[in-house]
Structure formats: structure tokens, C-alpha cells
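Taking it in order: structure first as C-alpha cells, then the write-up.
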Amino acid sequence: MRPAFAVGLVFAGCCSNVIFLELLARKHPGCGNIVTFAQFLFIAVEGFLFEADLGRKHPAIPIRYYAVMVTMFFTVSVVNNYALNLNIAMPLHMIFRSGSLIANMILGIIILKKRYSVFKYTSIALVSVGIFICTFMSAKQVTSLSSSSENDGFQAFAWWFLGIGALTFALLMSARMGIFQETLYKQFGKHSKEALFYNHALPLPGFIFLASDIYDHVVLFNNSELYQVPVVGVIVPIMWFYLLMNVITQYVCIQGVFILTTECTSLTVTLVVTLRKFVSLVFSILYFQNPFTWWHWLGTLFVFIGTLMYTEVWNTLGTTKGQPQKEAKKS
């Protein structure tokens, strides 16, 4: 029952979170900092109350290690959200972030000296080709949409190119953080909830450097059109409603993934998260009418087939189906 409940939380929370993030980004593309701050603050307060026991519980992993992890986590979160302000459409944002497998493999080979099978290299090649196709077609759209003057077209493409650079940096940083976290868990044991709390609580002072931008968006949010919240009947500026829902759905999403990791194998978690990304992508394209050509669909297909190949889901399903037969022969 719990795995099914967790899958429901992941799909409901994560898919809804993407919807509210796109609603925020469409109205104010530069609102990434206030969104990140709100998410971090909410999860930090919740963790301080229920995980850290109001600060009375000592961390199992020394704070100095969390300081390193937090620096990377904070950077990845801010850069990923800020990329939406650099002419990066939400579908491309989702597809590009699916390239985490590539980043993990590259850094795994360089840092951990890992070696992979030909099957896994093939799956990564498919993901790479898929992301390249989507990125290339998006680049053509950016230049064609901004071709009113040569100057505007070049400027739009330059910002888009910077956005791709930001997403690439965030991917590599996220992969490096994953490797660092993996080594910590091997040394001190797995403490996911504790890590979740410290990853969100320790970076909060860093938002002082973004205070000016956050304040500007507070003013913009206050001046947005009024909206009557269903059921409750309270009237609030609509941007604050979107932000609140984004924070709540982000929390539901994280909780769903956490329950899933404790109840299911890593393969199942990867499969559920991949399918969730695909559903979010399709919904974003259809509901928000984001420009998406057949080339984009082909690239997306490559990305998701490559991801499923990497997890070796078909081999695992075949093994699971064949398991009772082997046990019957033994008996």
C-alpha cells in the first residue's frame, strides 16, 4: 500500500509542482530566487521541527561535510531556477535535466574510475543524441522568433546559449554532489531526512546576497492581480497563491520520493521519476502550448528510451518473471 501511495505522491506532487513553476516563470521569468528561497525556508522549518527536534538532535554526519554538500546543492538549485530567465523554455529545461545520467557517467569515470557495459554506453549515447536534437531545434526557434532585427536575434541567442551553459554547469555540479553524497553515506550510513534538512537549512544565510532580487519580486507579487482561493474563499495576489502551491507541491514531491526510496528498489524509483518527467513534459506542451516540433518529440523519445535502457528495466522485469520458475526447479 505504501509504494502505491508514494507513487501517487510523486505524480501528484512533482507534476503539480512543474505546473505552478511554469505559471510563475511565464509571468515573471526572473522569479527563480524567490521560488528557491521559499522552498528552502519551508523544508528547513519543517525539518527543524520534526527531524532536528528544535535543534536538540545532533547530526549523524559532521556539519563540515554538510557544508560542502550544501554549497553544491544551493548552487545547483539557484542556477537551475535562474536558467528559466535565460530564454530556456520549460520543456527544454525538463529534457536537459534528464541528462543527469550523462553527467553521472562522465564524473563516475573521471573521479571513481568506473567502467560500464556497452549497453550502458549505448543508452547514454541515445540520451545525448536526444538532448542534442532538442537543444538544436530550440536554438533554431529562438533565433527565428527573435529575427525582427539582427541585433535582437543575436542577443536572444546569446542569452539562450548562456542558459544552456547554466544548465550544463548545474548538471555536472549535481552529479558531483551525488558522488560526494554517496561516499558520505558509505562512511556514516544513510540519513536521507537529516541530509534533506541540512541541505535546505544551512544555505538560508546565502540568500542575503540575493535579498535585493527577492525583495523586487515580493513587490511584483504583491502587485499581481487578486485571486479568490477555491474552498477557502480568501482573496490573495495570484502570484503568492502560485508560489504557495509550488512550495507545498515541492514538499509533497520530496516526501513521495523519500517514501519510494525506503520502500522500493533504486530501479523502481528511477522508473517512476522518469515516467513522471514524461507526463510533466507532455502536460506542459499541451496545456501551455509550448512550441514543440516532431524533432523535439524524436529527441524526447531518445532521452526516455536511453534512460530506461540505462536502468536495464527490461532485464529486471524478465528476471522477476523468471524467478518463480527457477525456484520451482529447485524445489
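Cβ coordinates are placed from backbone N, Cα and C, and glycine is handled just like the others.
Note that the structure is a prediction, hence the values are computed from the model and not measured.
Going by TrEMBL, these are the annotated features:
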TRANSMEM  32-51  transmembrane segment
TRANSMEM  63-83  transmembrane segment
TRANSMEM  95-112  transmembrane segment
TRANSMEM  119-138  transmembrane segment
TRANSMEM  158-175  transmembrane segment
TRANSMEM  196-215  transmembrane segment
TRANSMEM  227-245  transmembrane segment
TRANSMEM  257-288  transmembrane segment
TRANSMEM  294-311  transmembrane segment
Interface check, the transmembrane segment (95-112) with the transmembrane segment (294-311), three or more C-beta pairs under 8 A: yes
Recorded stretches the transmembrane segment (63-83) and the transmembrane segment (227-245) touching, at least 3 CB pairs under 8 Å: no
Tertiary contacts of the transmembrane segment (32-51) (same chain, 6+ residues out, Cβ under 8 Å): 21, 24-25, 57, 77-78, 80-85, 193-194, 196-198, 200-201, 203-204, 207, 210, 213-214, 217-218, 221, 243, 246-248, 250-251, 254
Other parts of the chain folded back onto the transmembrane segment (119-138), taken as Cβ under 8 Å at six or more residues beyond its ends: 89, 91-92, 95-96, 98-99, 101-102, 105, 160, 164, 293, 295-296, 298-310, 312
